[in-house]
Amino acid sequence: MANELDGFHFEQNHGKARVRVARVWRADGGGGHSMVEWSVNITLFSDCINAYVRDDNSDIVATDTMKNTVYVKAKECSQQLSAEEFAILLAKHFTAFYPQVTSAIVKIVEKPWERINLNGQPHEHGFKLGNEKHTTEAVVKKSGGLKLTSGIAGLSVLKTTQSGFEGFVRDQYTALPETRERMLATEVTAIWRYSYDSISKVPQKPLYFNERYLDVKNVVLSTFFGPPKGGVYSASVQSTLFQIEKAVLIRFPDISSVQLKMPNIHFLPVNISTKDNTIVKFNDDVFLPTDEPHGSIEATLSRFWARM
């Protein structure tokens, strides 16, 4: 929250970071269990300037109170809900319950626990840890205004062919050879913004955002890899990144913009020089995996009326 103070411009906020909470829902009649594990970050924008300039804490919502609120609200959720729904619920609570709070930001990272299958059957209460993480951020104003984003973090993908890199700038500093045959690997970070601008417009369908998360992830994967038979050629990470973003916006009308970060994680062909200068050249079958340095590629694609 911004204030004019003694001739200066002063902005402040406070919150609680990395509140870890797990919630289990047990179906009636001994059915299967569902569970989530979330790491929650809360930021409040409030009129508590007196705490900074007059040693008066009477308007501060204690960060310990924020932490406890996460657990209480999780307990109150009798039905399974998405990280997006919980983020909106928390932010709405803080802006409605405390008169001095004008807006709240709630960020959630969901740990990827996945139901385990044994002998082709889903286990009632068994889970294993997966890889990529589901993320979300809800910005809620006291008026009910909303900015909602979701994302994928740590989606590692690789294909062993159907990738090349040609026609780039060559000068006295360039050593990289051109190729139409290379491995392509990256760790995708995706963030997409929904078009809903108020809480009242958010879909009420249970677990809607979980379904949308899985659908977006499927579009990312299918665009990156192409058909199971033959795949699809990538002329560059940049080209593949753009095709993914375009496919997401075409497929999902309620997504207004999407941002992708796709570092180019290199797998370098191994060639060995021996003492007598004989070079052992491997034929696209033995590689040196590297994670640094790596190429850094990111971009945002938005509809004309929207910006991230």
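Keep in mind that glycine also has a Cβ here, set from the backbone N, Cα and C atoms.
Heads up, TrEMBL stuff is auto-annotated, nobody curated it.
What TrEMBL records for LYS16 (among others) is active site, charge relay system.
Taking a C-beta cut-off of under 8 Å and a sequence gap of six or more, ASN264 (O2 binding site) has these contacts in its own chain: LEU184, ALA185, THR186, VAL237, HIS294, GLY295, SER296, ILE297. The O2 binding site annotation in TrEMBL covers THR63, ASN264.
The feature 5-hydroxyisourate binding site is assigned by TrEMBL to THR63, ASP64, PHE165, ARG182, VAL237, GLN238, ASN264.
Taking all protein chains in view, 20 other C-beta atoms sit within 10 angstroms of the C-beta of PHE165 (5-hydroxyisourate binding site). TrEMBL lists THR63, ASP64, PHE165, ARG182, VAL237, GLN238, ASN264 with the feature urate binding site.
Remark: THR63 (O2 binding site) has HIS14, GLY15, LYS16 as non-local neighbours, by Cβ distance under 8 Å and separation of at least 6 in sequence. For THR63 (among others), the entry in TrEMBL reads active site, charge relay system.
With a cut-off of 8 Å between CB atoms and residues at least 6 apart in sequence, the same chain places ALA185, PRO289, THR290, HIS294, GLY295 near HIS266 (active site, charge relay system), listed in sequence order. Sequence annotations record features per position, and here TrEMBL assigns active site, charge relay system to HIS266 (among others).
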Neighbourhood of ARG182 (5-hydroxyisourate binding site) by C-beta distance under 8 A, where only residues 6 or more apart in the same chain count: SER163, GLY164, PHE165, PHE267
Recorded urate site residues THR63, ASP64, PHE165, ARG182, VAL237, GLN238, ASN264, farthest C-alpha pair in Å: 52
Neighbourhood of GLN238 (5-hydroxyisourate binding site) by C-beta distance under 8 A, where only residues 6 or more apart in the same chain count: ILE297, ALA299
